[in-house]
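The feature repeat 'Solcar 1' is assigned by Swiss-Prot to 4-119. Sequence annotations record features per position, and here Swiss-Prot assigns repeat 'Solcar 2' to 133-218. Here Swiss-Prot flags 236-320 as repeat 'Solcar 3'. Positions annotated as transmembrane segment by Swiss-Prot, on the basis of sequence analysis: 6-26, 96-116, 139-159, 190-210, 242-262, 293-313.
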Amino acid sequence: MSFENAVIGATASSLANIAVYPLDLAKTLVQTQLKDEFVEAGEEAGEERAGSRRQNRIKPIALRSPQAAEQYKGALDALQRIYGAEGVAGLYRGLGSSTVAGFIQSFSYFFWYTLVRKHYFRLKQARGGDARFSTPEELVLGIVAAATSQLFVNPINVVATRQQTRGQAAGAADMRTVAREVHAENGWRGFWAGLKVSLVLTVNPSITYATYERLREALFPTPAAASHLVDSAALLSPGQNFVMGVLSKIVSTVLTQPLIIAKASLQRSGSCFQDFHQVLHHLYSTEGPLSLWKGLGPQITKGVLVQGLLFMFKGELTKMLRKLMFYLALLRSSRRALKG
């Protein structure tokens, strides 16, 4: 059952991410760009800039490549300029590695989440206590599953983010080429850039799924045994799953947006940030506290669409799989009857 849930969850997640990939690309570019006033490239990086009103407060951040300083007014501007310069293909640069990373991460997450949740549920039943999970329990179960999956997928996430943020000047590159660039610049350690903040961000899907379960129990209550032994998404209609997914993702995104920005900034092409504390400090010092939530609009739009589609696809794929298994069982039974 854990393997089936993992395959269904990963497939649903991949389909949802492919559907909104251009928006994901745009929000990554918007989130990782720095203001011109605080960006320099080449040997002048780190020196005070003449005429800058803040030259005594902050030093510019060095970037390894000129395209890393490209500025966009917003997600729509990014999409229009990428399409104008690179065509439709430009809107899907990095799609392959991003889809692979998403599938592996989702598969691992759903596998461990289902497995841990099922065994913990049985343990609670054996002790004779309330079989329902509390919100803290849902969060802990989700964090354990997400942290485990992140260990496997971080290197692919680094490659995917670099492909997204290379820019037209650097040219398109496949996964192998980008992986070689990462290794040449930072060795094997480069593939684990942003791992710490990624582990901290494991609270994001945990908040999402805990919120989903709480909303489902409040708005669409079901018997305790059914809701914990059966995939919750399969108990609701596609529309209900979509609404629950959207609401739960809004909550988790608003709470974790600063960490999402820090992770993307660490993994982007041309970044010289060393850790997520440096990213957050730089953004707060140079652009103010609201910069920690920049790109929140496209992040929420992308996130809620993906989460809504994910729960909808997951619920429908689960129902399809069960129907298929039922028909196969009937077919086997009829064959035995004919042989008998």
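Quick reminder: no glycine exception, Cβ is built from N, Cα and C everywhere.
Note that the coordinates shown come from a computational prediction; the quantities given were computed from them, not determined experimentally.
Most Cβ pairs under 8 Å to the transmembrane segment (96-116), among the stretches 6-26, 139-159, 242-262, 293-313, belong to 139-159. Break the repeat 'Solcar 3' (236-320) down by DSSP state and the numbers are 72 helix, 0 strand, 13 coil. Counting residues per DSSP class in helix, strand and coil order gives 71 helix, 0 strand, 15 coil for the repeat 'Solcar 2' (133-218).
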